[in-house]
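Taking it in order: structure first as structure tokens, then the write-up.
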């Protein structure tokens, strides 16, 4: 049976639907459901099932019907009151990692309450379950590890990956976020402890994009680590060996990709997360024609930054092609953003992409990427090697190139020095400065520095959140170029259309949809992104545009196309409100 969103399919585990074991999706929100698949003699099991546990919100009638009498205190609290109580508790913690652990405990105990909390308090809790706190959580994952979440696939499982996937209790998975832990945020190789990233990303797929939790599968592929500190840490939870590379690595990844497709079908979205440059580009290129794959570091980051640039044009004036861009950082994020900017310019002007690339300059650890360095460059940097004399320092590159937009994706903090920001401000009336590296400690500069050094003229956005800042009597609200704006809505659009491949035009559609959500009120505050408090509405609009593009390109398989895709997206979104049990 299929519901109105084509997301429920009880007959097939691979048709893009989520198997509805408990009849929750078929029932309307007003209908009671039965949370059991077999007869039981005690409600004790129900209370330990995070998907159906309601804690002290079980009603008197439910306590009688489901053997809960005496297992709970006599009080009955509403979900809203439970939410208020937990938020009060979380605010008592002064250490962000304590809040993170408390949220993870709640997710393991009461899934619906966890998502209700996250959705209703998204601006306050997003930095707790995602950047920047998730970075610290990954660094200390071995010490705070309590209960496994997701699947761990190591070299020990080579030849048996399909069997491992079958151990996961959900047969109908729609989104997999997978990492090998080699480049976690700006923190480097964290090996198996990188699992915090897929877990956190998929929490946001549900909270921000409305993808059902049962449809989400976090996976860490453990091929070892080159982090000596972890290898010598008695609490490290991964393989104690140096990273596998070359053929051994490629064979394991190929077996994984083949097993995923065999087990979950053509329409499972596989999101690559925090792979090192040398593997990230190769994996995306190798599997984009045979699998539904998306690299958040290359494509998600590019899409959210492009959205900010499109919105910022209302403040800067001109078209995208009228501006000059300088990047500090030429890895996955930098080259991914640059390429998407060039693609959008081509869409707007009709000019060939090679011509557009000439307006985009990149600086790496050796200085400005120029034609004379081409012979020694990695393949993904070569398209950005333009005719120019070598320049080693960023500030000299700013003075030579005279960019209107400065973008940091270096993963190294404090690189946008006072001299650099002042140089940008001397060239531009309103310099656009985007310090995108995560976590906060790795940001190229702070919001306060950007506003102060530019004398309040900068338009600023960052990867991690910064508090509003007052300068010369005016309050500036920093924008956050957070991938969480894009990937949840993008994923929902892919799922609800039944897309079988990701196309660049779908990424451009997501960027344009996000930029369109920035209103005049936001611009008055200097914002180039809408507030996260509207994220579900934003995600629905992004999903609709992505799905529309999938239908237009002939990549959608859920036919016919719904008339109102925004309404359809909203109807498809998971609701964390408690259900009434028979």
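Placed from the backbone N, Cα and C atoms, the Cβ positions cover glycine too.
Over in TrEMBL, the protein carries these features:
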type: ACT_SITE; residues: 201; note: active site, proton acceptor
type: BINDING; residues: 183, 438, 482; note: (S)-malate binding site
type: BINDING; residues: 273, 274, 297; note: divalent metal cation binding site
type: DOMAIN; residues: 107-288; note: domain 'Malic enzyme N-terminal'
type: DOMAIN; residues: 298-551; note: domain 'Malic enzyme NAD-binding'
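Reported as a whole number, the C-alpha separation between residue 482 ((S)-malate binding site) and residue 297 (divalent metal cation binding site) equals 11 Å.
Among the binding-site residues listed (183, 273, 274, 297), 273 has its Cα nearest to the Cα of the residue listed as 'active site, proton acceptor'. With respect to their backbone Cα atoms, residue 297 (divalent metal cation binding site) and residue 183 ((S)-malate binding site) stand 10 Å from each other. With the fewest other C-beta atoms within 10 Å around its C-beta, 183 stands out among the recorded positions 183, 201.
Taking the C-alpha positions, the distance from residue 273 (divalent metal cation binding site) to residue 183 ((S)-malate binding site) comes to 9 Å. Pairwise Cα distances among 183, 438, 482, the recorded (S)-malate-binding residues, top out at 18 Å. As a whole-number mean, the pLDDT of the domain 'Malic enzyme NAD-binding' (298-551) in this prediction is 95. Annotation for residue 274 (divalent metal cation binding site): spatial neighbours 179, 180, 181, 182, 183, 184, 185, 194, 197, 297, criterion Cβ-Cβ under 8 Å with sequence separation of six or more.
Take the mean position of the Cβ atoms of 273, 274, 297, the recorded divalent metal cation site; other residues of that chain with a Cβ within 8 Å of it are 179, 183, 184, 197, 272, 275, 280, 295, 296, 332.
Within the set of binding-site residues (273, 297), the lowest number of other Cβ atoms found within 10 Å of a Cβ is recorded at 297.
Counting only residues at least six positions away in the same chain, the Cβ atoms of 131, 132, 135, 185, 186, 463, 464 sit under 8 Å from the Cβ of residue 438 ((S)-malate binding site).
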